[in-house]
Amino acid sequence: MATDKQTPPQQQESGSESISSVLSEKRKFPPPTEFSNAAHISSMEDYEKLYAEAAKDPEAYWAGIAEQFHWEKPWEKVLDWQPPYAKWFPGATTNICYNAVDRHVNSWRKNKAAVIWEGEEGDQRVLTYAELHRQVSKFANVLKIAGVKPGDRVAIYMGMVPELVIAVLACARVGAVHNVIFAGFAAHAITERVNDSKAKLIICADGTRRRGSTINLKNIVDEAIVNTPSVRSVIVLKVTGEEVNMHDGMDHWWHDLMGLAMDHNEPEFVDAEHPLFILYTSGSTGKPKGILHTTGGYMVHAANSFKYVFDIKDEDIYWCTADVGWITGHSYLVYGPLLNGATLMMYEGAPNYPQWDRFWDIINRHKITILYTAPTAIRAFIRAGDEWVTKHDLSSLRLLGTVGEPINPKAWMWYHTVVGQEKCPIVDTWWQTETGGILVSPLPGATPTKPGTATRPLPGIMVDVVRKDGEPCKSNEGGYLVIKKPWPSMLRTIYGDNKRYEETYWSEFKDMYFTGDGARKDEDGYIWIMGRVDDVVNVSGHRLGTSEVESALVAHEAVAEAAVVSRPDDLKGNALIAFVTLKDEYQGDMKLREDLRNHVSREIGPIAKPDEIRWAQGLPKTRSGKIMRRLLRELASSKEIKGDVTTLEDSGVLEQLREQEEED
Ligand code: WTA
């Protein structure tokens, strides 16, 4: 078994609410009538009907949606399913950039704003569909000049500027496979990803802005590519004007190459199953997984889920606050909105820069109608105080969304009342890097919502909560969340590692995709996510593997052994606690605690920095040598143990717990 599967946890709660308060959450909020009247799907009856139709003949359902896009060549069949390998729309050819950009340029939308961008310092840019098309076409020509061929991998490492969207779309246009690496990741993380994907080219920025200062990204790339033999060139976009070293023959300025490129570019029509992107995400073992998504199926579900979950209309100004370095940014900042011809807002910086009202100020000034953000941000806003929100006019908002982690009812209610003024439905969307798009979510004009649940699966999506033996759980019984039928935007494999793909997702349950999440289904069939049941942790909405952090720790010369577990945290959802055994010669070095935290930050990135490091004489293990993580989790959350005190080696209680664990 690939995952160290735990029994389904209790509801992963933050804030002061207890598990029982979530279990007894009975409040229900029907969609406002005015909203429903204008919605694409306006009643539960319509949802039920569509769901039943799609369940009866999923292939006909997906084909009906796919027909709304441009295919250069039609498909021979809708689905070729050789479990666990799916081919959607085999035989067809298309280009997702053509569908996201050219199609709108050929319509009345050509002068509609595609991207409204605001920099951290308040600078603004608007790209219409026509302008986006021109820039993407030009940059696609740049990629060709750089020798990029269909199927080549291209790494992208830059902050949230419009050129990031342009780079992503241009890769898709020429059939190259993009791999966006979050600009908060460190050099080592870039090296690891670039070597795994064997990227030929890196597109980066000189620097990025963060809370009034700048980070030199090019220096980080220079450090990363000392050990990446596949990289032939680096294209550097000037954003902050950092001092950078440009290496002859290797490094090229974005603006120089754009100066050489023609405006016109013919998109490369590729097979529906042609790889579109690789996005690395954390798993149960140390090495990040390269989640591979392909073109046609991803396009169909990213676009369709966006349309219905966000009930998108041409007048909307939609804002997803996620970074393009994560899957949410891929599907619901770039592809979903653009495939629908929507206007999207893109913001470069931090939510609390220069002050805690930056988001609300942006909403007021740009008249944002739909806001999609993460529970961790909501909890931070609650802490900062309502006055930052209420001093702005947020009346343009009509719909709110959340993603990335369970939202606790208290945060949900605050979002509903303080931000949404009790008039905006909330879509709590459950999905994963692997699923490519939202799978479980309310449809805002139809589904009555309850604080803390992502409610029901979208039409065409068959999810269930099952026991260890794969049998469905009873109502409200905790179990494992699985997906019972293939869906178009599912990952196709883990890049270069089919075995890991099969083991991670398809070996726990027969013919079902295992999500790694614990859940329960209530009497209305609503899904309540209870958090991960493997060694993946959600920290501030970012997914991290505890073993990744462990690998980084043991790479430090002072560390003999390390185990990392999570503890519920009011603000971040989860905090990381590292239990570290030092080598003898380093024992007693008090400075090491900070050194180790910084070391992890350098190895992976600041998001992975342990919140707390505890010294341990030895780690508790079973007789077979397995670290007893459950015990460490209990220790990490225990109220009695504070700060420095580590009593791992001599507690009778622990002995007892250890014995219990062994018996399991
Ligand atoms: C968690 C982010 C509860 C879950 C799109 C999942 C959620 C993991 C929700 C995927 C939600 C995501 N409610 N939990 N609405 N959305 N999760 O790959 O544990 O970064 O497995 O994708 O986040 O994280 P990932």
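The backbone N, Cα and C atoms fix where each Cβ goes, glycine too.
Classification of SER540 (CoA binding site) by DSSP places it in coil, neither helical nor stranded. For SER540 (CoA binding site), other Cβ atoms within 10 Å of its Cβ number 20. Annotated CoA binding site per TrEMBL: ARG210, ARG211, GLY212, SER213, THR328, ASN352, SER540, in sequence order.
Taken from TrEMBL, the feature domain 'Acetyl-coenzyme A synthetase N-terminal' covers 47-100.
For 103-487, the entry in TrEMBL reads domain 'AMP-dependent synthetase/ligase'.
Look at TrEMBL and you will find 1-36 tagged as region 'Disordered'.
With a cut-off of under 6 Å between the Cβ and any atom of ligand 1, the binding-site residues ARG210, ARG211, GLY212, THR328, ASN352, SER540 reduce to THR328. Annotation note: THR328 (CoA binding site) sits in a helical segment as assigned by DSSP.
Sorting the binding-site residues ARG210, ARG211 by the number of other Cβ atoms within 10 Å puts ARG210 first.
Taking each of the binding-site residues SER213, THR328, ASN352 in turn and counting other Cβ atoms within 10 Å of its Cβ gives the largest count for THR328. Here the domain 'Acetyl-coenzyme A synthetase N-terminal' (47-100) has, by DSSP, the following mix of helix, strand and coil residues: 24 helix, 11 strand, 19 coil. Largest Cα to Cα distance within the recorded CoA binders ARG210, ARG211, GLY212, SER213, THR328, ASN352, SER540: about 26 Å as a whole number. Take the CB of GLY212 (CoA binding site) and look out to 10 A: across all protein chains shown you find 11 other CB atoms.
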